[in-house]
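Chemist: Mind having a look at this structure? Questions to follow.
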Amino acid sequence: MSVRRTTFLLHLELQHKTIHDLAPQILWYQEQCILFPVNATYLGFTCEATDFTPAQEYDYIIVGGGTAGCPLAATLSEKYSVLLLERGGVPGSDLNLQYENRSLNPIITADHDDSPAQNFFSEDGVFNTRGRVLGGSSMINFGFYSRADDYFYQNSGIEWDMGAVKSAYEWVENSVVTRTDRLGKWQASTFDGLLEAGVGPNNGFTLDHVQGTKVGGSTFDDSGRRHGAVELLNKANPVNLKVVVHATVDRVIFSTSKSLAAVGVIYHDSTGTQHEAHVTRVGEVILSAGAIGSPQLLLLSGLGPKSSLSSLNIPVVLDQPFVGQFMADNPRNGVNLLVPTRLTDVGVRVAGITKNGPYVESTAVPRLASIVPFIPFLNLIPPINLSVVVLGGKVSRPKSTGSLSLISSSDVTVSPKVQFNYFSQREDILQCGNLVEILGKILDTQAMEEYKFPGILGPNHFVYIGPSLPDDSSDEESIASFCRKTVSTFWHAHGGCLVNKVVDRNLKVIGVDSLRVVDASTFFNSPGTNPQATVMMLGRYIGEKILNERGADAIKS
């Protein structure tokens with residue numbers, strides 16, 4: 001029996017039982033090597049698209065059960081009926097998604113067809129991935145959890161209530177975030193190296209974004225088990241929420257009887273059979289399909305630049321020139337080292353937030369797979385007494401932006417064309433130069449000495465995999481060459497549905513009723529060192545905002 005089929009037999013057995021009734025059956029399935037997350041009670045209201053018949057209508061249809069969609073669905077279900085449609089499957093049976101020592105494997109094994117991480121190459125030639133599993137990219141990332149910076153709140157264009165923001169973060173953190181008890185060897189060395197290199201002050205552990213060196217939270221617990229956004233579904237009202245997986249939304253349905261409004265979606269299941277789902281008269285369709293998926297869906301639905309849509313014979317619902325524009329991805333640059341010691345700690349717990357722009361992180365690479373997609377210069381697993389470490393950082397607020405456009409006018413499974421134009425702006429090159437300078441200082445610290453190989457006739461030295469740092473961080477030409485040659489992604493893509501361009505400050509699509517976008521496609525820059533904390537917070541925050549607004553409207557009426 002397949003894992004997928006077994007999972008949903010479990011669902012069928014449990015859908016009418018209480019949470020307390022779930023434990024014996026889940027334990028039985030775990031004994032049969034069908035492993036689920038630590039808390040998987042959401043399976044009680046999750047089903048396959050092929051086995052699901054939509055209700056007549058829902059208060060909310062959410063497209064994308066990812067980092068934003070899961071907390072958003074759980075929140076709205078407190079008072080209203082919600083249909084959450086996810087194109088991927090449940091994560092529970094895949095060990096590569098569950099354990100930190102396998103955290104590179106989803107990226108390495110990504111394909112275009114049905115893997116939990118979907119791969120694509122940007123037009124810049126950079127390999128990239130995005131989540132295709134319930135829980136989204138929070139199930140395939142490195143788990144670092146850090147809140148947004150003040151600059152993001154002040155410039156995002158989103159209407160914020162900072163008290164509600166704090167409450168939303170805490171709602172997320174109480175379920176999925178771990179404060180690390182003790183740093184492993186490499187993360188401790190990184191922490192010390194950052195401080196020695198002048199990235200101060202020492203901020204110890206904090207979830208806040210503050211200048212200096214810090215230990216952040218993680219969605220991996222101290223046993224190495226992942227707790228992604230999918231577990232936030234356990235907070236839902238199971239009576240009001242239906243989660244449907246392997247349900248790929250093809251387009252949004254609109255009504256023009258009075259004003260232009262979203263009234264539902266068309267989606268297809270794993271057999272290719274199409275289905276329709278509709279919202280109530282006062283309901284909404286909410287896109288949470290991510291920085292690639294949400295602008296793609298708007299374009300496929302006829303919202304976008306008229307000339308582009310017409311050239312693909314897509315009926316124009318609304319001429320919206322900014323859909324798919326201002327796409328950005330924070331470039332990752334750094335060095336890869338072979339080090340003369342066996343490192344057992346993996347993942348990211350430490351971040352350096354510099355005064356002059358770049359953010360610095362580092363990880364020891366897990367030993368469970370070839371790491372070519374992560375380190376293109378290496379095609380081997382290091383010998384038993386050696387390890388590979390990655391020391392790098394990202395341009396924090398890239399000025400370089402690009403665009404997203406459709407390749408197929410009707411098939412949502414065909415990835416769109418995306419170009420980020422990495423380092424097309426001089427400001428980004430200069431910030432990469434600042435990163436090179438900081439990395440050089442870190443490598444010169446006493447904390448890094450033990451990671452050098454002994455010299456036979458000369459001093460101890462580092463062994464690089466791929467390019468070493470430029471000798472002169474003030475030589476702009478060599479810096480530009482290094483940055484463009486070594487560029488890769490931090491998987492922090494954003495843009496395509498920006499605030500005040502495509503959506504308003506409440507993330508409602510401008511010019512269309514009953515349609516919102518709630519995900520990183522609305523961000524003008526990637527918040528904090530890593531965006532997952534803010535994206536999960538956003539799902540909870542907007543969900544509560546909708547609940548409060550509808551409650552206030554009910555009182556007035």
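From the backbone N, Cα and C atoms, a Cβ is placed for every residue, glycine too.
So TrEMBL lists these for the protein:
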- VAL133, VAL249, TRP491, HIS492, PRO531, GLN532: FAD binding site (BINDING)
- CYS432-CYS483: disulfide bond (DISULFID)
- 131-154: domain 'Glucose-methanol-choline oxidoreductase N-terminal' (DOMAIN)
- 290-304: domain 'Glucose-methanol-choline oxidoreductase N-terminal' (DOMAIN)
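Would you situate these features in the structure and describe their surroundings?
Modeler: Cβ-based neighbour count (10 Å, all protein chains) for PRO531 (FAD binding site) stands at 27.
Packing around CYS483 (disulfide bond) is summarised by its Cβ count: 22 other Cβ atoms lie within 10 angstroms of its Cβ, all protein chains included.
The predicted model assigns the domain 'Glucose-methanol-choline oxidoreductase N-terminal' (131-154) a mean pLDDT of 96.
Within the same chain, residues 63-64, 66-67, 120, 130-131, 136-137, 249-252, 254, 314-321, 323-324, 327, 404-406, 409-410, 412, 415-416, 418, 493-497, 502, 509, 512, 517, 519-521, 523 sit at least 6 positions outside the domain 'Glucose-methanol-choline oxidoreductase N-terminal' (290-304) and bring their C-beta atoms closer than 8 Å to a C-beta of that stretch.
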Chemist: State the residues, same chain only, that lie 6 or more residues beyond the ends of the domain 'Glucose-methanol-choline oxidoreductase N-terminal' (131-154) and have a CB under 8 A from a CB inside it; answer 'none' if no residue qualifies.
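Modeler: Answer is 46, 64-70, 86-91, 94, 97, 100, 103, 106-107, 114-118, 160, 162, 165, 169, 173, 177, 207-209, 214, 216-220, 226, 228-231, 233, 243, 245, 290, 347-349, 351, 361, 363, 397, 491, 523, 525, 527-534, 536-537.
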Chemist: Which residues does CYS432 (disulfide bond) neighbour through Cβ under 8 Å, counting only same-chain ones at least six apart?
Modeler: PRO331, ASN333, PRO358, VAL395, PHE423, ILE479, ALA480, PHE482, CYS483
Chemist: What span in Å does the FAD site cover, taken as the longest CA to CA distance among VAL133, VAL249, TRP491, HIS492, PRO531, GLN532?
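Modeler: Of all Cα pairs among the recorded FAD binders, the widest measures 25 Å.
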Chemist: For a three-state summary based on DSSP, what are the helix, strand and coil counts in the domain 'Glucose-methanol-choline oxidoreductase N-terminal' (131-154)?
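Modeler: Tallied per class, the domain 'Glucose-methanol-choline oxidoreductase N-terminal' (131-154) gives 9 helix, 4 strand, 11 coil.
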Chemist: Counting across all protein chains present, how many other Cβ atoms fall within 10 Å of the Cβ of TRP491 (FAD binding site)?
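Modeler: Taking all protein chains shown, TRP491 (FAD binding site) has 22 Cβ neighbours within 10 Å.
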